[in-house]
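Taken straight from TrEMBL:
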type     : residues  : note
TRANSMEM : B:28-50   : transmembrane segment
TRANSMEM : B:92-116  : transmembrane segment
DOMAIN   : B:93-285  : domain 'ABC transmembrane type-1'
TRANSMEM : B:128-149 : transmembrane segment
TRANSMEM : B:161-185 : transmembrane segment
TRANSMEM : B:206-233 : transmembrane segment
TRANSMEM : B:263-285 : transmembrane segment
Amino acid sequence: MAQVTLNRIVKEYEGGVQAVKGIDLDIADHEFVVLVGPSGCGKSTTLRMIAGLEEISRGEIRIAGNVVNDIPPRDRDIAMVFQNYALYPHMSVYDNMAFGLMLRKFPKEEIRRRVENAARILDIGMLLDRKPKALSGGQRQRVAMGRAIVRDPKVFLFDEPLSNLDAKLRVQMRTEIKKVHQTVNTTTIYVTHDQVEAMTLADRVVVMNHGVIEQVGPPQELYHRPLTKFVAGFIGSPAMNFIPARLANGGAALNVVLPGGITLPVPEERSRRYAAYAGKEVLFGLRPEHLTEIRPNDHRPNLAHLQLTPEVVEPMGMETLVYTWLEGTEVSARIDPAVAAAPGQALPLAADMGQMHLIDPQTDRVI
Amino acid sequence: MSATAATPSAAIPGLGRKIGSLRKERRWALITAYVSLIVAAIVMLAPPVYMLVTSLKTSAEISNPVGTPWIVRNPTLENYGALIGDPMFRGFFFNSIKVTVLVVCVTMVISVLAAFSLARMKFFGSQVLATGVFLTYLVPDTLLFIPLYQIVGNLGLLNSTWGLVLVYPTLTVPFCTWIMIGYFASIPKELDEAALIDGANWMQMLTKIFIPVALPGIIAATIFAFTVSWAAFVYPTAFITRPDEMPLTIGVVSQLIRGDTFAWGQLMAGALLAALPPVIVYAFLMDYYIAGLTAGATKG
């Protein structure tokens, strides 16, 4: 069990291209941290530098207080689970899991005990004699996790472990990973491009973009209080709606004025925060779940009513997604499935202004 | 049959005709394939069959052919008996086995190590080296034997099977290395990364992961090295003149052809006996080779 500290980590390739641009991150003992971001954001490179599979151009990585920059992967006391499982195809499941311990010259009895224990945790006891090619994708990923667990390392590293699985299995394995972490409680760093995985698994989510960290925080904090437009748009599915607008003084209160003249009142408690932006162009952000049907006896304060015409209606069972246009921008709304909504038919909607976000278009930071 | 009327092909206009034409195409494809294969098999098998037929004939029958030469009238094993009973022929056989086993071992050790380092350990000039290794294979042995004669002579290894053990790898190592580079390169990078994290060093990674996983490639390379070494003709012809150091390929030819006298029966028997070890090796290793190639080829 260990802390992991990244101190101004840079990864620079030949020709000066920087994949990781000086990131700082402290990961606490037992913590489950998820690095999330789009392709090419530097999340996998960061993980591989922690693993020792990629050289660090500048900066310092510490595992359990020791600088590991020049320590080879085998001496870092880490275990890694790869996207394509990376099981040894010629070895049985047992040997795959035991391989690391055999190389470290563990006594046979101890190896057996650990492999059987890991097999029990992952429910793969009946597969120990099989070769990887006789396993399904989900079983292979369990074996890959078993290989990590038996080592009892200081840190678990996961590199997009669920990307090769189908949607149903992915959800199932996600829960398995969470259970395993709750059981073994090892410090875990997990890389994914899937924000749902990030939100569901992490104690803290690290959102990366273009080689820098955009924001670090618990899932709920990232969701409710994003610091940048990127984080606001990346976390949440469907993504937050962004509508170009102007912040206007309407007497005592502020109003968000959309391009076509629609005026939405800013809640009073936000007036002070936004005061400096009065009269300026801003980006008005609202999540689909805050653009809903008008409910009878709705006690939510700060509701603004809109009349929109859906272009596409997607019934999901527990909710219905409605795609429509608002002042030239495509927006999505999340409504109760009981509400009758049809393409081309006007639908009254309520924007919960208490949940709005305003973004400075100059800096892309949330105001 | 009335049931035919209910099949989809009958229900959809034109589909029946389409299926009919597909069957016809398939039949023609099969006929063409069989005819080509039979012709190819006849062309390939005619020489060994003729060799076998001739080896079973007496010298008298060979020199006075009556009717078709493809039929043996008085089959005999005397040609085989004479060869197997001849200590010199057994010496050729032993020399060939000794040279081939040593060459295959030397080749595999060098080419597996070279291929592993060229395929996986990125170092300065590794790409150029990999190409260079293959380029050396493009120089034919008929050109190389003159300078090699000089080298082998300077080392005092002319007229010695050890000279052949030294020289044959120049033929086998480049190609085997090239085959192995291909096999090693096809092993996913994550496998070595997993092994590195599991605690393996480079040598353990090679012996415990790469060699077992690339076994089909290693067998292919072994078969190649074996065949080249067993069948080599130019180098032993150039470097060996002493009968007791000769391998089979030149031993049979030099001892069974005296001036213009050809001991055809023994020549054919010798050639067939010489072909036996490669046939055994192929038959034995091919199963592993093909099993290795097909295992895991489909998604598990």
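Residue 1 is the first one shown; counting continues down the chain.
Keep in mind that glycine also has a Cβ here, set from the backbone N, Cα and C atoms.
TrEMBL labels come from automatic prediction, so no person has curated them.
Worth saying up front: this structure is predicted, and the values here are computed from it rather than measured.
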Chain residues in Cβ proximity to the transmembrane segment (B:128-149) (below 8 Å; excluding those fewer than six residues from its ends, i.e. six or more beyond):
114, 118-119, 158, 167, 170-171, 173-175, 177-178, 181, 232, 234-235, 238-239
In the same chain, which residue numbers or ranges, 6 or more beyond the ends of the transmembrane segment (B:263-285), come under 8 angstroms Cβ to Cβ?
48, 51-52, 54-55, 57-59, 62, 78-80, 82-84, 89, 93, 96-97, 100, 219, 222-223, 226-227, 230-231, 248-249, 252-253, 256-257
Intrachain residues whose Cβ lies under 8 Å of the transmembrane segment (B:206-233), provided they are six or more past its termini:
96, 99-100, 103-104, 107-108, 111-113, 116, 120, 141, 164, 168, 171-172, 175-176, 179-180, 182-184, 187, 191-192, 195, 200, 247-250, 274, 277-278, 281-282, 285, 288-289, 292-293
Surrounding residues of the transmembrane segment (B:28-50) on its own chain - C-beta under 8 Å, 6+ positions past either end:
69-70, 272, 275
